[in-house]
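Chemist: Below are the features I grabbed from TrEMBL:
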type	residues	note
COMPBIAS	498-510	compositional bias 'Low complexity'
REGION	498-521	region 'Disordered'
TRANSMEM	12-31	transmembrane segment
TRANSMEM	52-75	transmembrane segment
TRANSMEM	101-123	transmembrane segment
TRANSMEM	144-165	transmembrane segment
TRANSMEM	185-210	transmembrane segment
TRANSMEM	315-346	transmembrane segment
TRANSMEM	366-392	transmembrane segment
TRANSMEM	404-427	transmembrane segment
TRANSMEM	447-470	transmembrane segment
Amino acid sequence: MTGRSEFELSQIFFLLFLLLYTSSYAIIARFRRRDSDDYFSTDEDEATVYKISLWLCTFSLAVSVGAALLLPISIVSNEVLILYPSSYYVKWLNSSLIQGLWNHVFLFSNLSLFMLLPFAYFFTESEGFTGYRKCLMARVYETTVVLVLLSILVLGMTYIMSALIDKDKSSIQTLLNLWSYYLPFLYSCISFLGVLMLLLCTPLGFVRLFSVVGQFLVKPQFLRDVNEEFYVARLEEDCVRRRLTLARTTGRTYLSPPPMSPPPSAMSCDDLDSTVMGLQNGALQSGLGEALSRVERRRRILDKQRHTSSVQRNIVYPLAMLLLLILTGGTVFMVAQNTVLLLVGIKALPLSTKQFTLGIASLSKLGLFGATLEIILIFYLMTTSSIGLYTLPFLSGVRPKARLTPLTHVIVNCGLVLILSSALPLLSRILGITNFDLLGDFGRIEWLGNFKIVLLYNLVFAAAATLCLVNKFTATVRRELYARLINLFSSRQQTNWPAAANTTPSPTAPMFATTTVEKED
């Protein structure tokens, strides 16, 4: 490769990174908290620490977005070179560019995951060593020492794990071979953890996405009565407003009798009363004020939904649900097909170390249409995994909220997104969504060549996705059938018990009858 080609590639990489960094900063700026508890504008050292940590998070999120876009960019580049092989405007698009992109993303993923994000977290939590003057450099020294100790601990655990897995490589020479053995092995373990997280998140995201779409789109009239919900929300708003006025004047929530309760979808007045039972004076008014703003927001949303057109309500919603069902069914079908091909021996394992050349042939049997379908399914997996990530109960506490996410939660979320984004190309290749080979060090991850792991992953993914969908669409019917059976069984018991009580002869009746006859004789 000539010096001019390297300079052109570096310019393309810089422009792509600048675009990703700008978009990542806009995303973080939307979610990060900006109040005085998280950003000390009066303290210069705190402001500097905050800015440095924010820059590191933005860089890591840009790398995450780049890792998620690796396969779509590669597939699009291959199809463009097939359609326009001799065009002057796509001469810059070649195999060296795509190969370099994969290598840079792999390198920066390791750097962000093992260096930048831990440094950002410890830097925000550091205060400097005891006995030293409180300044910025003292916090840098403390963060560096803690990070070095953590690195030694992680490398020691990595050496023990590699010795347990492969005893032939547990020697002193391999212990010193840090860059070429232990870091790839550690990244292989992290990628395996990311693939397992995707195995949990993606099927849950399939189900959760139907609910999310149902929240943004108005259901047809026969599925949901928006007018009734609006009137209930308006009554609830009047109820909470009266209680707030009463609390400001008398200090009590409401007089007897208690107000009516809205449906379970909204917060009832009794729930509000139990929530603010222990609050006094200003705290009581604050709690009711927050409840009132929440109810007003719900009422405005319902008012907006009930004024939507009938076309959007009766056509857009069914089409959106049908599209989600087709995408989910297509994903499960491709995973099942990939499983059968793996069992037969037609499909190769995702481990790949060969050099790939762009523009030779389409990797899909359907050509451009098949490549477009692969890209859509990859983005669909990306969306469902992101939604399903925060559906997990142990991660719901760090879910980002607009303008309310503290910096430590931003760092944790960037780490989670980086792990999932780095594992997304592996997931797409393992499940057979695309036939594009994993380039660079992504294709040299050792466990990708294990037939049992790949086959078991396909089977578990297909079974989990199918069970989640069946549970989603049959839960209401199963609950109704169970309730009907319980009611039928209880009603039969109630009808049989009085009949049995009436037909049972009394043990004292014959005795009284015989005694009466004897006396007459």
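Here, residue 1 is simply the first one shown, and the rest follow in order.
Including glycine, each Cβ sits where the backbone N, Cα and C put it.
Automatic, uncurated: that is what TrEMBL annotation is.
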Chemist: Cβ under 8 Å, sequence separation of at least 6 from the ends of the transmembrane segment (185-210): give me the contacting residues as numbers and ranges.
Modeler: 106, 109-110, 113-114, 154-155, 158, 161-162, 321, 324, 328, 381, 383-389, 391-392, 419-420, 422-424, 426-427, 430, 441, 445-447, 457, 460-461, 464-465, 467-469, 471-472
Chemist: So what's near the transmembrane segment (404-427) in sequence-distant terms, Cβ-Cβ under 8 Å and 6+ beyond its ends?
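Modeler: Hits for the transmembrane segment (404-427): 28, 31-33, 37-38, 50, 53-54, 57, 60-61, 63-65, 67-68, 70-71, 109, 112-113, 117, 120-121, 124-125, 190-191, 193-195, 197-198, 201-202, 350, 378, 381-382, 385-386, 389, 395, 398, 433, 438, 442, 445, 448.
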Chemist: Against which stretches of its own chain does the transmembrane segment (12-31) lie, if we need a Cβ under 8 Å and a gap of at least six residues from its ends?
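Modeler: Here the qualifying positions are 54, 57-59, 61-66, 92, 97, 100-101, 104, 400-405, 410.
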